[in-house]
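Single-structure report; data block below.
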Amino acid sequence: MKKSVNLLSGGTDSATVLAIASEMCYEIYAMSFNYGQRNNAELRKVKELIKKYNVKQHKIVDIDLRAFGGSALTDDNIDVPYYHGINALPEIVPVTYVPARNTIFLSYAVGFAEVIGSQDIFIGVHTSDSANYPDCCPEYIQSFEKMVNLATNMGVQGKKITIHAPLIDMTKEQIIRTGLKLGVDYKNTISCYSPTEDDLSCGNCLACIIRLDAFKKNNIQDPIKYV
């Protein structure tokens, strides 16, 4: 059985990708990050996901991205912005962008993949996020994969490492629809940038608004609780 390394945040995208990798019959090794994020609730949500999909091993890696901040998710001096509906969302990179986050996460995933002998890494990025988050575009994934195969022992030995981004051309609406078809229980996910201490989502941050809109377009109620 082929092994995969899945980046798992506890949000809707990574949960859907986990289901896709499971459907493809990979032996799954999941990797999550405790990087000083406000939305630490996501790390509690992944527990149910790893049980459902029989994850072989789950690594939670501690990284202190608060050391340099620069994002509303890692710096208490920067407020998480709230919006009034889907049409009010910004078309520029917002303050919730975490500098180089996907590059950092993928680098750890590559290291883990080399150790366990996996040539397949899965990440839940998609182009519909790329206007706000530049490390979610196809060109980024392609360039990172090329770099990895130039700069790793596996790569130079001809054991090509592939960065799988199965959601890359999907909208959030399509991602939720795909996950529902695969039986993803979105009750065990959280997207909010600033949830309460008892894991209630705010409903007004960029992530919550996009999530709620996607469920609405699928004519289904979001199963998580909001303030």
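Here the Cβ of each residue, glycine as well, is placed from N, Cα and C on the backbone.
Copied from Swiss-Prot, the annotated features are:
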BINDING   LEU8, SER9, GLY10, GLY11, THR12, ASP13, SER14, ALA15, THR16, VAL17, LEU18  ATP binding site
BINDING   CYS192, CYS202, CYS205, CYS208  Zn(2+) binding site
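Here the features listed in Swiss-Prot are painted onto the structure.
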{"residue": "LEU8", "record": "ATP binding site", "Cβ contacts under 8 Å, 6 or more apart": "SER14, ALA15, LEU18, ALA30, MET31, SER32, VAL46, LEU49, ILE50, HIS58"}
{"residue": "GLY10", "record": "ATP binding site", "Cβ contacts under 8 Å, 6 or more apart": "SER32, ALA41, GLU42, LEU43, ARG44, LYS45, VAL46, LEU49, THR189, ILE190"}
{"residue": "THR12", "record": "ATP binding site", "Cβ contacts under 8 Å, 6 or more apart": "LYS172, ILE175, ILE176, GLY179, TYR186, THR189, SER191, ARG211, ALA214"}
{"residue": "THR16", "record": "ATP binding site", "Cβ contacts under 8 Å, 6 or more apart": "GLY124, LEU167, ILE175, ILE176, THR178, GLY179, LEU182, VAL184"}
{"residue": "CYS192", "record": "Zn(2+) binding site", "Cβ contacts under 8 Å, 6 or more apart": "ASN39, ALA41, SER201, CYS202, GLY203, CYS205, ALA207, CYS208"}
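Shown in sequence order, VAL80, TYR82, SER191, TYR193, SER194, PRO195, SER201, GLY203, ASN204, LEU206, ALA207, ILE209, TYR226 are the same-chain residues outside CYS192, CYS202, CYS205, CYS208 whose Cβ sits within 8 Å of the Cβ centre of the Zn(2+) site.
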